[in-house]
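To start, the structure itself, in structure tokens.
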Amino acid sequence: MATTRLNPSCHFPASTRLSCESYLGLRTTGRISYARTLTAPRGYLAVKANGGQASVVTAAAITEKQQKKYPGESKGFVEEMRFVAMRLHTKDQAREGEKESRSPEEGPVAKWEPTVEGYLHFLVDSKLVYDTLEGIIDGSNFPTYAGFKNTGLERAESLRKDLEWFKEQGYEIPEPMAPGKTYSEYLKDLAENDPQAFICHFYNIYFAHSAGGQMIGTKVSKKILDNKELEFYKWDGQLSQLLQNVRQKLNKVAEWWTREEKSHCLEETEKSFKFSGEILRLILS
């Protein structure tokens, strides 16, 4: 019997399993299957004719070989995001980086000439971004976002304390500049209209800060703050465990995405780097 495969564009609710009984009225002389990628890791439905009576069987055991393997895919979607992000680093920033340095902030931090004023602009714009990101998560009932409340990676309150410390030292705290404002508005739009892209920024903002961001903070502090350790670079609890907890949650969320949605998320990485790079550049202003 000939087999016809249909890949519908609609999405079935992630929280509800398909009911075979609802399809008992179908009549067909062929075999219809929904691609596994729609609701991975679940199977798909098979509908076939049987002596003039339509019947439905759950073909959970039937799997389809993926046509393309993505780097890191076997370890979970977070590893896919990490792989893409590392490739976007410069060769000076990471061993896996593929880009050449084109501006001072893309080169070795040891060669930077930061200023306190520029660093304050960086901290203020960073706080606006974290305020926005964490406000979206805290105020959302959308399951994809709600699971990331109180992860321990939040930075807005730590930045508030740091800016208060600078104020006590006699520094004037500036207003947010264009890089932070633009990124903040962009995140708000993504949160409403593009959850996969929003999750990409969520991952890159927090994970980049926990690694390269922490290293930058240490070296900049040594140059201009007499080794003062800011709250921005401190976490309550073991950072590695906090990150692992979030990795697990991200992987779980991505299990319900189609391959197309995962690829869309990965494609957003370059924009995340662009926005973050513009804010980082403020340190040298």
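Note: Cβ is positioned from N, Cα and C throughout, glycine not excepted.
Copied over from Swiss-Prot:
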type	residues	note
BINDING	His89	heme b binding site
COMPBIAS	89-105	compositional bias 'Basic and acidic residues'
REGION	89-109	region 'Disordered'
TRANSIT	1-58	transit peptide
Request  = Note down the number of other Cβ atoms within 10 Å of the Cβ of the residue listed as 'heme b binding site', including every protein chain shown.
outcome  = 18
Key: Three-state secondary structure, which DSSP defines for the residue listed as 'heme b binding site'   = coil
